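Residues annotated as region 'Disordered' in TrEMBL: 1-81, 222-247. Per TrEMBL, compositional bias 'Polar residues' is recorded for 18-27. The feature domain 'DUF7928' is assigned by TrEMBL to 157-223. Annotated compositional bias 'Acidic residues' per TrEMBL: 230-239, in sequence order. According to TrEMBL, the transmembrane segment annotation covers 258-278, 290-311, 701-721, 733-753, 773-793, 828-849, 855-876. Summarising the annotation, TrEMBL assigns domain 'Glycosyltransferase 2-like' to 503-713.
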Amino acid sequence: MSTPHPPASSERQGEILNRSNASNNLSELGAQPASIDPALSGRLNENSSIVSPEGEDSQSTSQGSRPPGGSRLFTCPLGDFRNGTSDSQRDVAAEIMVSHLANIQEEKIWVVGDDDDEGVVLKRSKGNYTCAPTQLGERPGGFFEAIQMMNVRVAMTGGLRIQVIHDYSQLPHCQKHQFAAFVNDPGVLVVWDDDPQKIVGRVQRLENEVMGAIWRVDGDELNEKKEATTDNDEMEHEDPEAARESKPRRLLLNQPCITALTLAIAFTALGAGYRQFAIEIAVDRKFIRLAFLAVLVPQMWLALFFFQALVGNLAQLIGPLGQMKSNTKTYSGIKPQRLHRDEGELPHITIQCPVYKEGLRGVIEPTVRSLKAAISTYEMQGGTANIFINDDGMQLLSDDEAQDRRDFYEEHSIGWVARPKHNPMPMDDGRAFYRRGKFKKASNMNYALWISQRIEDKLAAGKRPDRWGQADEALFYNRALEDVIEEDEGRTWAEGNIRMGDYILLVDSDTRVPTDCLLDAVSEMEQCPEVAILQYSSGVMNVTGSFFEKGITFFTNLIYTQIRFSVANGDVAPFVGHNAVLRWNALQHIAYECKDDSREKYWSEETVSEDFNMALRLQTEHYLVRLAAYQGDGFKEGVSLTVYDELARWEKYAYGCNELIFNPLHQWLFRGPITPLFRRFIFSNMPLPSKLTICAYIGTYYALGSAWMLTLMNYFLTGWLNGGLGHYYIDSFKIYFAIIVVFSGMGNLALAALRYRNNEAELLPALLENLKWIPLMALFLGGISFHISQALISHFFSIDMTWGATSKEAESITFFEEIPRVIRRFKWTFGFCMVLVLMIVLLATVVPWMWRIDIFLAIFPLSTVIGSHFLVPIVLNPNLMLFTW
């Protein structure tokens, strides 16, 4: 190992690094230009003919420094390593970083100095490693070869201990997500990391923790106060069985009271209307008004959410809030008592993540790093976990992009399955393959789980002798995986560990999770075996910072606040399809055999709202769905980045709700209008207030979808029959005013008061924040009626609609590129709006006086609907509003 040298001059460092494409490789490896080993700098000078700036060969304009064809946009001195290929640049960058880390290792006295099996190993590329000192790679069966088999990014030896293994031969089979392992022979600590810049900090943290453990004194003797304030995460259980006991939780009746008051107000409002036409019937004896009774159920359904919002606002202003910081049957506001490794083996968790064509580096990699940090914590707490990616886009990508994903998954020890592309009518003699469902997420997960279960069947059928070790089990598993792939004739792509654990953490491709969340999750699930889904409340992860994304962020946070309040009051918890822990045996319990391909499936492929369907099926089988809020905003999800994605999301939800309740019209004659699932839901043992809340939520899509139709009908009724309508009829202007009062006015005030009373924000800033987003939300919600009705009508008439995955990355599109996209996607909306505008103008000016509609009460509501629909794709489109060229 080289001895320390004086620091290199800034001129020398600049000569090596400045104006170089290699900076990208250095950034990827985590190197910093200011941290180059001086000894290696000299070695680069000697081996690569790099000369100092003062040398006569340092002229940057030398023709010899240009590559053939002049493809580079900069010039470098003759012999500069930047003139080489990208592989050679990567090799040089790796040599710089590994030598730098080795110097730090010596400075920290993490090596003995006389051992030829201590040092640093760094991964250059797949299967290509470098080390410092160089003799580290010369010892057969030693540290260097063990790290090669582990396939980790960078590793160094230290003087600390975590997991203990016998020798280097066991290192490739250790728990890699702990990022450290003590090797008993020769007695060193091996630490590794995905980022060379972070490995030194990781070793220092381990050193500090060990030193703290050595010097820690019993708190019972010296500091009782410190013990009294010990954090809940660090408390040990006095009773070894306490953490695994299932303690009954109370069921709050706040939400039933809110629902009862909602029904009382709704029936009072309807009764007042019936009183009006009863009086009119008594006067003129025209019993035709009794026809209004036919719309009683739809009228009640559409109005239920409005009255529920009214009562909910009052509850948030003056009602109790202590339940939001407590634990109830369907809500967890306090962390559970944690399991401990000394009390028994901790459950294994599988983190399932369906992905499509999202960017590997921009979307998937940050999510994987967040998941690996959580796994690292859980493994150091005594548990085990694996990442299982269901890659629905790999077989649709180019060969290079697919290989990049393969290499990434292998590097991070990720198990994955990729199914074939949709091919219902193969051109050759191959077998047809169907990617079923209008929204492919459910069928993607079902296929991956099907492959996993086939492997489990082969493993269960195998015989294991008495002397059966971990290496034998791994070899047996690999053989079973190869058999499954061979049975599928190579159409299925899969690698890594795809076995399912006791619990599944379901995440999206753009998710962030808290570092210390898995132990809390399994502790609660172990203590409450009746809970099938533990849904975590989430925050929002912003990507672009555009005004539209911030507005949807505000709306998403508003929704989660309302959900927490409702569920804490005793309402049923929702399942939103991600950031949730699922009990694997509960999913197996409600699995069904698909008639299309005779496979056992878990997620419904017949509906686009597979999460809502899953929650209903589990709850009808007496399982619970619980909302956990004790992680705060630790779980984060992405939101829609464009107005296209947000509109598609609302269309998908509306379509899904309709197909959960109603059969398509052509099936009504033989199957009836109501689906078997909804009938089973209505007659299930779910509490009546929860059923009413779910029905009120579903009713919002029908209220929004029918808004433009009812407003158009109101235009003609109030325009031609103004003054002749009965008092039972309430015109659109009055309804418009009521919505502004309840939602825009009282709703924002109640939300600010709730967050203030719950110590989440100050009252005035919270209120101002709410008021700031009123224009955007009013415009958006006013402009989605046509799109939601399109989804509802499409399902009724069996018109095909499909939705792709939501965009996870920002697009850089200029103003003039965006204009044709807007016109192409909203041409029917714009056309319909223009027809309505022309109709208003003609009926107000051209037609005979008896047929004119020129009163404000008729024109204003329809004008707001037309204006909102016309402006949504324009005003809420950052690519247009920024006027980028």
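Cβ coordinates come from backbone N, Cα and C, glycine included.
Two recorded stretches are said to be in contact when at least 3 C-beta pairs lie under 8 angstroms, sequence spacing 6 or more; the transmembrane segment (290-311) and the transmembrane segment (855-876) fall short of this definition. Contact count against the transmembrane segment (828-849) (Cβ pairs under 8 Å) is highest for 855-876, out of 258-278, 773-793, 855-876. Within the chain carrying the transmembrane segment (258-278), a Cβ under 8 angstroms from the stretch's Cβ atoms is held by residues 289, 292, 296, 299-300, 303-304, 307-308, 310-312, 315, 569, 688-689, 692-693, 726-728, 730, all 6 or more beyond its ends. Panel annotation: around the transmembrane segment (773-793), residues 547-548, 551, 554-555, 643, 646-647, 650-652, 654-655, 658, 701-702, 704-709, 744, 748, 799, 801, 829, 832, 864-865, 867-872, 875-876 of the same chain, lying at least six beyond its termini, place a Cβ under 8 Å from a Cβ of the stretch. Model confidence over the domain 'Glycosyltransferase 2-like' (503-713) stands at 93, taken as the mean pLDDT rounded to a whole number.
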